[in-house]
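These notes are about the structure you will find just below.
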Amino acid sequence: MSPLRPPSFVLNPSWPHYLGILALCLATVLGLLRSTLFDWLDPMHCHALLNTGTWLDGNWKNWQPEGCMLHTYNPGDSAKCLRSRDVVFVGDSITRKLFFQFANILDPELPLAPPNDNQKHSDHKLHSSEGTEISFLWDPFLNGTRTTDLLTNNPQDATVESKRPALLILGSGLWYLRYANASGGVTAWQANTAQRVSTITRQSIWPADLTVMLPVERVVPSKLTPDRVLTMHPSDIDAMNSDLYHRVYPGANGIDTAWIGGGKPVVSPIALPRVFNEMLDPSQTEDGLHFSDQVIKAQANVLLNLRCNDALPKVYPYSQTCCNRYPVPSPVHALVLLLVLLWGPYSWFRVRKSGTSFGIREITSSFLGENEIPALVLSAGAFFIYVADRTGLWLKEQKQFDFWGFTFLSVTCLAYGIFTLKRGDKDLGFMNRDQTDEWKGWMQLAILVYHYFGASKISGIYNPIRVLVASYLFMTGYGHTTFYLRKADFSFVRVAQIMVRLNLLTVLLAYTMNTDYMFYYFAPLVSMWYIIIYATLFLGSQYNERMVFLLGKIFLSASFTTLFFKAQWPLEILFALLKDIFNIQWSAREWTFRVTLDLWIVYVGMLAAIAVIKIREHRLTDHPKWHVAVKAAAVMSALVLAWFFAFELMQESKFTYNIWHPYISPLPVLGFVVLRNANATLRSTNSKVFMFVGKCSLELFIMQYHFWLAGDTKGVLLVIPGTQWRPINFVLTGFIFVYLCHRVANATGEVTKIMCQEPQSLPIVQVNGVSMTQASSQGGSAANGRGGGEAESIPLMPSDVESARKDMEGNPLPREPDTPIRPALGRRWVDRLADGPSPTNPRPTTRLSSMVSKVDWTWRLKGRTMIFLCCLWILNVLWTYPE
């Protein structure tokens with residue numbers, strides 16, 4: 001019998017890393033090629049705004065220009081742009097309808113139509129509440145003396161530029177066709193149009209900041225009245241629009257901004273929104289001539305995007321990328337970007353200078369998880385995030401909810417998770433690490449799909465997603481309480497580890513992306529609750545064994561927190577002080593909403609942790625009626641979950657549900673926990689895919705704001721140009737996004753370990769009654785003993801000798817859950833210590849020197865923390881904000 005041959009082909013275990021880097025490089029090359037070949041003609045996407053687009057929805061409300069994001073204007077935004085300057089419309093009934101819709105955007109109290117039919121062919125003048133005057137001049141042939149006066153300026157008048165309108169809209173054409181015998185028809189229209197265009201373009205001072213000549217509207221012949229059908233021919237309208245196009249853009253190929261030698265832009269004083277005819281649909285008109293209000297309102301919004309996007313303050317969220325330039329970083333912001341960008345190469349240089357061979361191959365291996373240089377990974381991650389959402393390398397488009405797309409992706413994620421289910425060899429215990437990883441993973445995938453489709457507008461989807469956020473906070477309360485009650489480690493080191501791990505990426509993005517710490521609300525929210533949990537359990541911690549005292553502390557903490565946020569004024573005073581002293585500009589109203597929405601779920605998690613600990617202490621699982629109680633709890637939990645879904649679907653809106661959410665969210669969360677841990681099989685069966693996602697859930701939640709989503713979460717990122725390629729973009733950008741988050745998660749854990757790592761000498765522990773310590777040489781190797789592909793984390797429950805102990809049922813005790821952010825992937829120090837114990841007790845001098853070293857190191861850590869916070873203070877004081 002011949003021996004078995006080894007397989008001829010073995011897949012490289014690093015293939016996901018190679019594929020991730022390949023996808024990232026491919027996306028970068030595609031972006032560079034597109035921007036090089038096409039964006040030089042239309043760098044601000046004004047041409048795309050004026051000429052291309054499609055409806056994303058069937059209600060004619062979400063118009064999508066090709067490759068850029070529209071901003072939906074409101075009175076406040078319009079006022080910032082127009083600054084109480086006039087807007088003038090001149091033309092026929094088509095222009096008049098646009099005038100009323102435009103005015104209604106500036107002020108919803110203004111009318112949408114003339115008061116009566118007798119005033120249809122009259123002038124109109126409206127005033128917005130912000131001081132803008134919107135005028136309409138009835139001149140369907142654009143040949144009146146008032147129109148001539150409006151287009152002609154006196155160059156000698158020094159006040160011309162200050163008095164001219166911010167926006168001038170001219171529209172005509174159909175009346176020339178309707179009354180061809182009296183007006184002269186198409187020929188007369190062409191002559192008049194040529195004269196008007198010439199008058200506007202030859203003047204040194206334009207008649208308005210921007211003049212818009214509307215295309216001749218395409219009619220729907222099947223819906224026209226008989227007399228209109230005889231004179232309004234689609235062929236004539238097409239000919240007129242072609243003539244207008246070549247007169248407005250002679251020799252510029254229809255690009256509103258042409259480029260001449262030397263790269264100097266020459267901007268046309270006239271814009272022609274040919275896309276207006278593309279926005280029309282036969283189903284949206286009754287007379288074949290005048291279209292529905294929602295379509296015309298979308299046209300008016302295009303005009304505001306054309307005029308105002310680049311005039312608005314350059315602040316986040318950057319949700320308007322059509323006809324807009326990205327901001328130039330301020331000197332302080334540019335310095336931060338430079339430091340972050342150089343941080344990685346500098347770290348690589350230091351490693352190389354230290355004698356370790358780190359060349360190009362080692363840089364590549366760092367991204368593959370081998371010999372990782374965490375600073376290099378974080379620098380690269382910050383660079384790609386900045387490029388994705390603060391430059392035009394990749395396109396951004398608007399979100400649109402699609403029921404079938406949302407359902408398909410949700411079912412696909414669920415099926416993939418079920419397909420990768422794996423049962424453990426033993427009972428892993430209640431709320432074990434793998435289970436909480438899995439829980440975080442599938443919740444994060446649900447949140448990502450929810451955000452990608454903009455499903456927050458759908459109450460029936462928004463409400464369960466709110467429960468998922470509450471579940472994260474429940475795990476925060478449960479995990480930290482379990483740790484502090486069992487370990488009583490209230491050291492500064494522990495606090496520093498948790499806070500750095502939670503906030504490192506958030507702070508990094510807040511400065512590099514010029515956003516705000518509170519903008520990434522989840523990390524600040526979990527950090528705040530961690531501090532509250534810490535303070536609650538630390539005060540009088542020596543009496544935490546007394547149940548009445550412990551429950552009293554939790555009750556007082558919940559009462560104080562509730563009063564603090566319900567009163568609102570204490571938080572307003574606190575934030576006002578932060579603004580005056582540190583130049584930290586946070587919204588007390590927004591933060592109150594975030595906190596009060598899940599005001600008590602953390603305390604429910606704390607109480608659940610206490611209950612689990614007491615059940616183990618009193619060995620209630622050995623009680624003969626325990627299994628009956630578990631079955632009853634499972635049935636009750638199933639009924640509670642069914643009731644919750646019925647209740648949330650019956651709510652009138654998500655705003656109505658938000659009122660109930662703080663009170664009812666613990667019910668579905670606890671119901672899920674009970675069902676998930678109802679028996680050993682359920683407790684110990686977990687999905688590998690969901691666990692993988694859960695290990696980098698914090699990075700996925702934060703980085704989605706700029707990468708994968710776009711425009712600070714307001715849109716979606718397109719690596720491949722074209723709205724029709726969104727499904728392919730979803731797959732490509734999704735894969736790159738998850739890969740980048742995975743690498744950043746590992747790097748963040750490593751940086752946290754470097755910043756907050758205790759001295760290498762390990763504390764003395766008792767394993768099976770034998771005292772053990774670890775030599776400094778072993779400590780060094782143990783610190784580096786993890787696989788490069790695994791990320792260090794801040795375990796909520798530092799390991800002890802649990803593996804050698806049994807619970808009440810005789811099963812090995814599981815690892816306790818970590819914070820709801822991510823768990824420790826590397827081997828625990830006790831596990832590493834157990835591999836090579838020293839059978840002898842340490843000498844007293846070793847103990848003393850170790851204690852002195854640890855105290856000295858702790859003070860150095862506190863000093864570094866203060867220096868870091870002072871640097872942030874200086875940055876905040878020097879930071880500039882647009883007016």
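Heads up, the Cβ atoms here are built off N, Cα and C, so glycines get one too.
Because TrEMBL annotations are produced automatically, they should be read as predictions rather than curated entries.
Annotated domain 'Cas1p 10 TM acyl transferase' per TrEMBL: 317-760, in sequence order.
As annotated by TrEMBL, transmembrane segment applies to 332-351 (among others).
Taken from TrEMBL, the feature transmembrane segment covers 372-388 (among others).
The transmembrane segment annotation in TrEMBL covers 403-421 (among others).
Here TrEMBL flags 442-462 (among others) as transmembrane segment.
Annotation comment: TrEMBL describes 492-513 (among others) as transmembrane segment.
Per TrEMBL, transmembrane segment is recorded for 519-540 (among others).
The feature transmembrane segment is assigned by TrEMBL to 547-565 (among others).
Listed by sequence, the residues of this chain that lie at least six past the ends of the transmembrane segment (599-616) yet keep a Cβ under 8 A from its Cβ atoms are 430-431, 470, 473-479, 481-482, 485-486, 529, 532-533, 536, 547, 550-551, 554, 557-558, 561-562, 565, 662-663, 665-666, 669-670, 673, 807-808. Summarising the annotation, TrEMBL assigns transmembrane segment to 599-616 (among others).
Per TrEMBL, transmembrane segment is recorded for 628-647 (among others).
Per TrEMBL, transmembrane segment is recorded for 689-708 (among others).
Marked as transmembrane segment by TrEMBL: 728-745 (among others). Long-range contacts of the transmembrane segment (728-745) within the same chain, counting only residues at least 6 positions beyond its ends with a Cβ under 8 Å from a Cβ of the stretch, are 16-17, 19-20, 23-24, 26-27, 367, 369, 377-378, 381, 384, 452, 505, 692-693, 695-696, 698-700, 703-704, 707-708, 716-720, 791, 822.
As annotated by TrEMBL, region 'Disordered' applies to 775-795.
Look at TrEMBL and you will find 775-784 tagged as compositional bias 'Low complexity'.
As annotated by TrEMBL, transmembrane segment applies to 861-881 (among others).
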Task: Mark yes when the transmembrane segment (689-708) and the transmembrane segment (442-462) have three or more Cβ pairs under 8 Å (sequence separation 6 or more) and no when they do not.
output: yes
- prompt: Hey, would you say the transmembrane segment (519-540) packs against the transmembrane segment (861-881), going by three or more CB pairs under 8 A that are 6+ residues apart?
  reply: no
Message: As a test of reading the model: what is the averaged pLDDT for the domain 'Cas1p 10 TM acyl transferase' (317-760)?
response: 91
Query: Against which stretches of its own chain does the transmembrane segment (547-565) lie, if we need a Cβ under 8 Å and a gap of at least six residues from its ends?
result: 532, 535-537, 539-540, 571, 592, 595-596, 599-600, 603, 606-607, 610, 614
